[in-house]
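Structure first, commentary second.
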Amino acid sequence: MIKTHCLGLSVAACLAAADAYAETSPPAGAATPAAVTTRSFASRVLSDRLSVEGYLGYLSGESKELVYFGGQKQSQLDWTIESAAVVGGRLDYAATGWLTIGVGGWTSLAGDVSMVDYDWLWRDSGYEGWTDRSRHPNTSLERAFEFDLAAAARVAEWNGVWVNGLLGYQVRNFKFQASDGDYLYSTFKLHDTEGRFQGPMVDYQQWWRTPYVGVAAGYAMPRWRLSGKVIASPFAQVSDADLHIENQQLFTGDFGDTQMAAVTLRAEHDLTESLMLTAMANYQRFWEARGDLTAINVAFPEFRSEIPDGAGASNETLILSLGLAYRF
């Protein structure tokens, strides 16, 4: 109404009209205007920038542990995750209109795991096949987790399509224990000795630490969003430790950098204005890293031996998940 009074008036007249209108009381019996509750700008901006997600998923994959001698593969241990349940989450904060910071990760709950160990001990005699094998179907996934910190910068956006550049750092850990099982060795002739193991035999773990870059792209539709992400790095670093429990021998590798690449596909569906259903598939691979192998007697750590370029390690995983995400 002030706007109506001010039309066609000078500034002074407009101010006077405003004062007069402010002093005017409503007619007797008129309802008092209801108070309007407002949300502070700071609160609105903060909540619009935050999203949180939780999910349950399925993990499968394999960690390989290798031993080389004289440039030839002497031993290979395949730690295979047939299936494992994981729980994970992520928190994203839009620092500006073009930059988002996110932190997330997952951890294993339970899993079906096995380990097979092959040795090639007769290469000097010209036999190239494996000579010894041990199998441990009763293998446990003691621990598996990922921590990921990333920044996403919007580089292009048009007609519902967007493209982000990515920069991040990731840590992954896998820890196994092999128990029981059977063996087939070559003592005097090929595959002439059989037997069984009882109890815990081998503990093994890998740590992967990786700075990475990547690109993400997506398409937004009413109530649906589809996106994909590719990350890669030539600077993935790994450390590992293999403890043979029975004879208390510890084997560690001092590795050089290796390559990592991962692909993620994601779909989001709005259930409400703030709540979303999410589905995701992620495949990640670390190519084999090579390095020096050190063998240590746990009881007498001063007794150790080294094999230059004697260690190898690799890893690959697939994760499928369903979750819920919420924008506050």
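Every residue, even glycine, has its Cβ placed from backbone N, Cα and C.
On a predicted model such as this, the values are computed, not experimentally measured, just so you know.
As given in TrEMBL:
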SIGNAL    1-22  signal peptide
ACT_SITE  Asp117  active site
ACT_SITE  Asp119  active site
ACT_SITE  Asp242  active site
ACT_SITE  His244  active site
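Mapped onto this structure are the features recorded in TrEMBL.
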residue: Asp117; record: active site; contacts (Cβ under 8 Å, 6+ apart): Ser75, Gln76, Leu77, Asp78, Asp132, Arg133, Ser134, Arg135, His136, Val202
residue: Asp119; record: active site; contacts (Cβ under 8 Å, 6+ apart): Gln74, Ser75, Trp130, Thr131, Asp132, Arg133
residue: Asp242; record: active site; contacts (Cβ under 8 Å, 6+ apart): Glu65, Leu77, Val202, Asp203, Tyr204, Leu250, Phe251, Thr252
residue: His244; record: active site; contacts (Cβ under 8 Å, 6+ apart): Met201, Val202, Leu250, Phe251
